[in-house]
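*Asks:* Okay, handing you the structure first.
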Amino acid sequence: MKSLVLLLCLAQLWGCHSAPRGLGLIYRQPNCDDPETEEAALVAIDYINQNHPWGYKHTLNQIDEVKVWPRQPSGELFEIEIDTLETTCHVLDPTPVARCSVRQLKEHAVEGDCDFQLLKLDGKFSVVYAKCDSSPDSAEDVRKVCQDCPLLAPLNDTRVVHAAKAALAAFNAQNNGSNFQLEEISRAQLVPLPPSTYVEFTVSGTDCVAKEATEAAKCNLLAEKQYGFCKATLSEKLGGAEVAVTCTVFQTQPVTSQPQPEGANETVPTPVVDPDAPPSPPLGAPGLPPAGSPPDSHVLLAAPPGHQLHWAHYDLRHTFMGVVSLGSPSGEASHPRKTRTVVQPSVGAAAGPVVPPCPGRIRHFKV
């Protein structure tokens, strides 16, 4: 009898250690197109667009999988996998992502893949973990829909850099306001016929007057940040190059005093990195955040890549590297995949094929 009691105690002890701390033993798998699942996915999309410092906003394309874990003493943890698509709105553009156009296949679309964990507490979602990567569509797939469409070019290609600088000079020459400096080359394509370079880039306003500025080095960025987004084409002609440029200047952004991590205000170069290089470490010391930290405090952002090497787009993996946020449910990295008990959503008996709950619908197109 004593042996039986001891065996039962050991079994209970093993069960306690095998479950993730702070999470229940049973998870549920709602439908990927349920309103609650989509709400969680849209919070994840907002998180990407609010924290990705370079390139373009992303929009939700498909929800691949979702698991919901009960969390002790309250709340639920949503583990969700989503596919995203790049839009034509830059991350500095204040336009809501719902009003941004998705970049089409013939324009050389970019797809993102993300794993998120979101804590739902008192009806509100907050991100506690984010890991993403993104990549342009293959050249073969672009050629299938448009044989002559140009592909993405490396952002530091000499022709691209020359086109961006020439376009900025042309914009400043016809601008009666502040002188603008080049902030980031965001996207570029080399067009074979007619020979031309298409480039998109961002600019930032300075305290110099455009018509009077002679040395950019003597100009300082405005205290209230003012950014603009430009599209330009530099065409090669017999008589020389011809530049066509249009810029949209966004409203100034007031300075807000917020606590910053150590080294956050240091000047960093325009991020263009080698895709084969290892990812930069995240800001702050590696390791797990302390328990009891504010749920809206995050340490997910990576240090900006600093090497100007061949790179055609700003990969999400350099920003969302899978570091646990300070708002993690237990203050540590959770691993809910260890527990395999699952509760499927109830489905009544009905004639016809059973539709799997996941993956969900494709909102735009598959890359």
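Backbone N, Cα and C define each Cβ position, glycine as well.
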*Asks:* Choosing among Cys114, Cys146, Cys149, which residue does Swiss-Prot name as bonded to Cys132 by a disulfide?
*Replies:* Cys114
*Asks:* Tell me the Cβ neighbour count for Cys100 (disulfide bond), meaning other Cβ atoms within 10 Å of its Cβ, over all protein chains shown.
*Replies:* 19
*Asks:* When the Cα of Cys89 (disulfide bond) is compared with the Cα of each of the recorded positions Cys114, Cys149, Asn176, Cys230, Thr319, which one is closest?
*Replies:* Cys230
*Asks:* Which has the fewest other Cβ atoms within 10 Å: Ser134, Asn176, the recorded positions listed?
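*Replies:* Comparing Cβ neighbours within 10 Å for the recorded positions Ser134, Asn176, Asn176 has the fewest.
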*Asks:* For the domain 'Cystatin fetuin-A-type 1' (27-133), give the DSSP counts of helix residues, strand residues and coil residues.
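*Replies:* Taking the domain 'Cystatin fetuin-A-type 1' (27-133) as a whole: 23 helix, 56 strand, 28 coil.
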*Asks:* State which of the following recorded positions has the fewest other Cβ atoms within 10 Å around its Cβ: Ser135, Ser138, Asn156, Thr319.
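*Replies:* Selected from the recorded positions Ser135, Ser138, Asn156, Thr319 on minimum Cβ neighbours within 10 Å: Ser138.
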